[in-house]
Amino acid sequence: MNKSIDVKFDEQHIWHPYTSMQSPLPSYPVKSADGVRITLENGTELIDGMSSWWSVIHGYNHPVINQAITEQLSKMSHVMFGGLTHRPAIDLCKKLVELTPKGLEKVFLADSGSVSVEVALKMAIQCQLGRGYKNRNKFVTIKHGYHGDTFGAMAVCDPVNSMHSLYSDILPKNYFIDAPKSKPNGTFNLAELDELKALLQNSNEHIAALILEPVVQGAGGMRFYHPDFISGAKAICEQYNILLIADEIATGFGRTGKMFACEHAKITPDILCLGKAITGGYMTLAATLCTDKVALDISQCEAGVLMHGPTFMANPLACAAANASLSLLMTGEWFEQVKQIELGLRDGLQACLELETVADVRVLGAIGVVEMKKAVNVAEIQKLFMQYGLWIRPFGKLVYVMPQYVISKQDLTSLTSGIVNTLKAL
Ligand code: PMP
């Protein structure tokens, strides 16, 4: 018998992300998802513009990833990673070392993006201790950033967006510099590096690392900035022996048109965080990579080891999904797909610029952003999008999409024309 879904229970008992329990936004029950489509319990089919928050790059219900997980399931779904290892983890880490910028050799497999950021921050502090810097336990980051919801990660998120005021006595205090304004395809204003230069000159004895989202700042405002900021910042950090942590949890695996956004700046960070699309959005897994030098210096610190080891570290099912997802990427097809999506988004969203309510339209790789002049009413606008058969979840003033790489030209056109028509109707 097909039992009806208990949405009331959901509403009364289950937290959803950043949602009030008192007056929650609607949560639509999903029955299944396949390719670029999400099917609701009531039979409505929606083209997914969100890739489930950057992660489902190859589409839902992908036969190759399904098969990899099923095969792994029949062998083992999990074993502890302390004192044991396994083929899925080794295969995955080989691929990660091969794919990521040259010089990143050591891999820590974590269980979510936020945890991989925590690991990166700890790596940086322990590395500096290993180098003999006793007080380097703070971080520099750029305003409007987002790095996750755990305390360490939150402490390097934009202080206003992530409401640091709520946690003022418990959150570690870090350094926030102005976010670069030069656009990725324009000329870079060198003066944007001055604040970092001055800060590192004056306070380097307290600073372990600079952490940033290269080229695209995601949940902190969907801002795009010039890659020369990153190469310039890396050079300044090197002068003071300060590490650069690149958080590519959102931008990694082709999303910006390069396999990793750091490649736009032609740099290798000292530490790199990956997540989201690593498993093709099948399950939670993340990775923190670092250079040999960082790993060696960590081993020189008092602990002698990296102080982290989660229960589900290197979960074999997640590693199997990631191996399959990365094999799909390694065919290289993504490159042309992302290029076509970029063209389609540029072309399709351009009409938004003519709307009185729109402040800016920007596209990079397979990311399209329409910034409104005022914050949108999420519940209301989502209903309108759904009338066009679209799943889009804006936040604040930002209506944005990052479609799956496998989206067809026709579905991409439905997505962009649905956005234009919805915004016209507001
Ligand atoms: N860093 C960035 C850049 C992210 O976009 C996110 C997730 N939105 C995170 C970290 C945190 O990842 P997770 O939600 O998997 O903990």
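Cβ from N, Cα, C; glycine included.
Automatic prediction, not curation, is the source of TrEMBL annotations.
Within the same chain, residues at least six positions away from Trp53 (substrate binding site) with a Cβ under 8 Å of its Cβ are Lys276. The secondary structure of Trp53 (substrate binding site), as reduced to three states from DSSP, is helical. For Trp53, Tyr146, Lys276, Gly309, Arg393, the entry in TrEMBL reads substrate binding site.
The Cβ neighbour count for Asp247 (pyridoxal 5'-phosphate binding site), using a 10 Å radius and every protein chain shown, is 32. DSSP assigns Asp247 (pyridoxal 5'-phosphate binding site) to a strand in the three-state reduction. According to TrEMBL, the feature pyridoxal 5'-phosphate binding site maps to Gly113, Ser114, Asp247, Pro310, Thr311.
Under the three-state DSSP scheme, Lys276 (substrate binding site) falls in the helix class. Residues or ranges marked as N6-(pyridoxal phosphate)lysine by TrEMBL: Lys276.
Across the binding-site residues listed here (Gly113, Gly309, Pro310), the residue whose Cβ sits among the most other Cβ atoms within 10 Å is Gly113. For the recorded site, Gly309 (substrate binding site), the DSSP three-state label reads coil. In the vicinity of ligand 1, defined as a Cβ distance under 6 Å, none of the binding-site residues Gly309, Pro310, Thr311, Arg393 are placed. Within the set of binding-site residues Tyr146, Gly309, Arg393, the entry lying nearest in space to Asp247 (pyridoxal 5'-phosphate binding site) is Tyr146 (CA atoms).
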